[in-house]
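According to Swiss-Prot:
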- D44, G45, N114, E115, D144, A152, T155, A156, Y157, N158, L159, S160: NAD(+) binding site (BINDING)
- D44: active site, proton acceptor (ACT_SITE)
Amino acid sequence: MTPLRIAFYASKRPEAQQVLPQLRDKYGHYSEEEADVIVALGGDGAMLDTLRRRFDDGKPVYGMHLGTVGFLMNDFHADGLPERIEAAERATLSPLRMQATDLDGTVHRAMAINEISLLRQTAQSARLKIIVDGRVRMEELVCDGLMVATPAGSTAYNLSAHGPILPIGAKLLALTPVSAFRPRRWRGALLKAEARVDIEVVAPDRRPVSASADNEEVRNIAKVTVETDPARTLKVLFDPGHALDERILREQFAF
């Protein structure tokens with residue numbers, strides 16, 4: 001059997017940087033383009049950084065937890081890494097595509113794995129108009145912000161904003177407000193994964209709003225369009241019994 005070609009990527013955390021040369025000495029090291037699989041060392045940030053670099057080819061990524069938050073990571077063990085990778089279960093993720101137009105008319109494009117969020121930039125609340133598949137669903141939402149979250153991202157910022165947790169295989173997106181003031185009782189909506197969401201900022205010159213695709217931010221926006229990108233799929237590997245759908249299920253029973 002041909003040895004597994006592994007590329008290693010480590011976050012800047014000391015724990016990850018410390019084990020990086022040891023793993024390269026033990027298993028060899030290839031560039032990400034040459035490798036069969038990429039091993040990300042750190043927390044979820046390291047995993048997201050690695051996945052963003054693989055938007056075009058969807059090369060599988062296996063994460064080992066040496067950071068803070070590790071929802072997308074496996075436990076760290078230096079031994080038996082090729083065997084763990086070969087036995088791993090695969091989760092396929094579909095990223096979101098954001099097109100944000102700022103007040104100057106400049107169009108910014110970015111991709112997100114977890115969520116695309118809009119947030120007020122000042123002490124004044126944001127006022128947002130929500131359009132789904134060309135139909136106005138809400139003329140004005142007064143809030144601190146609004147997000148569109150994927151199933152993989154539903155346990156992150158979306159959950160903190162009291163949004164629903166989505167099973168990883170669900171063909172759904174969560175549309176979740178952040179501190180909605182009016183309508184006060186609105187808690188968001190579930191949308192089909194193929195939905196196109198247009199969000200227009202009401203009075204953007206007086207109530208500025210930023211838009212973020214995961215951690216990539218655009219400020220002073222006038223309009224944002226969010227869609228799932230069907231042409232791109234990302235592959236994340238998990239140890240047996242610890243796959244992403246199981247983690248999401250456990251999260252729903254956590255107190």
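Each residue, glycine too, has its Cβ placed from N, Cα and C.
Sequence features, as recorded in Swiss-Prot, placed on the structure.
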| residue | record | DSSP (3 states) |
| --- | --- | --- |
| D44 | NAD(+) binding site | helix |
| N114 | NAD(+) binding site | coil |
| D144 | NAD(+) binding site | coil |
| T155 | NAD(+) binding site | coil |
Cβ neighbour count (within 10 Å, all chains shown) around D44 (NAD(+) binding site): 21
